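What follows is one structure encoded as structure tokens, with my remarks underneath.
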Amino acid sequence: MGPDGAPGPTVPWRKVLWERQPFPDNYVDQRFLEELRRNEGIRQYCYWAVVKEAGIVGQQLSCVAIFITLWLYMEQGLLPPETLLWISLASALLGYGLHQALTSHDESCSEPHTHLADLQSATIFLSFTFGFSPVFKTLTESVSTDTVYAMSAVMLLAHLVSFPYAQPSPPGSLSLNAALFASVCLASRLPGTLHTFAMLSCALLVFALWPCLLQRLRENASRQFTGVCVGVCIAGVGGLGSQSPGGAVLLALALGCVTLLCPLLLVMLQRHKDNIHGPWDEAEIDEDISRFLH
């Protein structure tokens, strides 16, 4: 309408704020929903690819089960500490050689560490662990056994929750510290000082060094990575089954849920995802504004 009430030319609505227009502030025309976009940039998941990625969660759960199984064997006197130390040493040497074999030439040139430096670090670390083993052995003497077991269970759960599954090498400080805290608590309940040293050495191998090798397998040997995850899961269930059949059943159910059921739910629920984008979204500045910050 014109200023005198007579019909005037129709004024088209424009999506601007700096111009006075004869429309309410919340007015939109019929073109508003023409720019509606659904599920823009959504990622489509393949079931078996998700199962493969979930394998690292299952194998870490199995690593905790293997560690607990070894501790049960040592507590019951079925596994001498000397045997565990020799097994840990052989596993460490084998894992170190495999890690070096999977390291590319460019990565090896960019890393200043040498074999001698790695040997010195391992020697110093093991020497301190052996020297403080008598202290670790008597660390929880004034604490009840039930409290020690409860703290160990909570710390192992914190390790599993905070473990950096997307990039396990190096292991996260929170997850590693929680696992080592639980290891010290459990090792303090073993019969002798050598038992404590063997248990802590095994804990360093499982919770600190194994994730580094696992990440290297994940990057450079994807097929072998899947086989290793399956093997660790089988070893965890089998080892725990030798001590507690009920615990092995619960572990197998947890592994099936984590590695098979949860990926299936993710793929099934992905089809119901509905993200909408349109002119109501916040504006994004594509221009590089870093030059204005100086």
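Just so it is clear, glycine is given a Cβ too, placed from its N, Cα and C backbone atoms.
On a predicted model such as this, the values are computed, not experimentally measured, just so you know.
TrEMBL lists 196-213 (among others) with the feature transmembrane segment.
Annotation comment: TrEMBL describes 225-242 (among others) as transmembrane segment. If one looks beyond the transmembrane segment (225-242) by at least 6 residues along the same chain, the residues whose Cβ comes under 8 Å of a Cβ in the stretch are 52, 55-56, 58-59, 61-66, 68-70, 214, 217-218, 248, 251-252, 255, 259.
The transmembrane segment annotation in TrEMBL covers 248-269 (among others). Tertiary neighbourhood of the transmembrane segment (248-269): same-chain residues 45-47, 50-51, 54-55, 57-58, 61-62, 65, 233, 236-238, 240-241, selected by CB-CB distance under 8 Å and a gap of 6+ residues from either end.
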